[in-house]
Each structure stands twice: as structure tokens, then as C-alpha cells.
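*Asks:* What TrEMBL records for 42-63, 84-103, 109-129 is transmembrane segment.
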Amino acid sequence: FLGAVVVIAANAGGAWTPIGDVTTIMLWIHGQISTLPTMKDLFIPSFVSLAVPLALMSFTSEVDGKGRDSTSVLASEQMAPRGQLVFAVGIGALLFVPVFKAITGLPPYMGILLGLGVLWILTDAIHYGNLKGRG
């Protein structure tokens, strides 16, 4: 079921934003769609197309006949604070791409590369002490 949820989430999430999939990126680059109207018009349908299958699948998510309590997350399963920072900066970098294009007029892939560079610098800074002794 997890694979199906990932596919549904990727398809639903990719439809409502200009950088979500290849088709909308191409339409956005060539000026056929704009950012805010696309996001406003497609967010609710995309959310519904994700929420309905997830709600139906939630009834079948039992493991060995016992449902797992969502509040009982093991300490090893929780994301480390550094991981949360990298995740937040990554999401922020993706959300910054339309702003970057609007401000600079450069193609979206330049904004994506800028975000990737920021993430690279961030992860290097996080792991600086760990990598110091390696050659």
C-alpha cells in the first residue's frame, strides 16, 4: 500500500504547482500558465485526489491485525533536528523557484540550481566536523 500512496501523492502534489511535473514546467516556462492562478485553481482538486484514496487506504493499514497507534513513534523513527532543518530548507528552496523566476526573469532551472547549491552548503556546514579528518 505504501507504494500506491507514494504514487498518488506524487501525482496529486505535482498537479497544483508549476514546478510539480514536467508538463506544467514546460507550460510555465513558455508562458502558457501563470503561477498563482494555477496554484489557486488546482490546489483543492489535487488535495481531494490525495485525501480520498488516503482516507480509503487508512482503513486497511493494519499490520498483523493490530493497528499501530500514530502517537507511538519510536525515538529512532523521529527525524533529527538537522534533518528537519535540511527538509525545511529544501521545501523552502522549491517554493522559492516561482519567486526567483518572477524576480529575475531567469529560467526556473536556475532557481532550482540555486536551491540545490544552498542545500549543498547547508549539508556541508552541518557535516563539517565529521568530514574534517577524511582525506
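Glycine is no exception: its Cβ is also placed from the backbone N, Cα and C atoms.
Remember, it's a predicted structure, so these values are computed and weren't measured experimentally.
For each listed feature, how buried is it and what is near it?
*Replies:* When Cβ-Cβ distances below 8 Å are used as the criterion, the transmembrane segment (42-63) is approached by residues 1, 4-5, 8-9, 11-13, 15-17 of the same chain, each at least six residues removed from its ends.
For the transmembrane segment (84-103), the list of distant contacts is 17-19, 35, 110-112, 114-116, 118-119, 122-123, 126: same-chain residues at least six beyond its ends, Cβ to Cβ under 8 Å.
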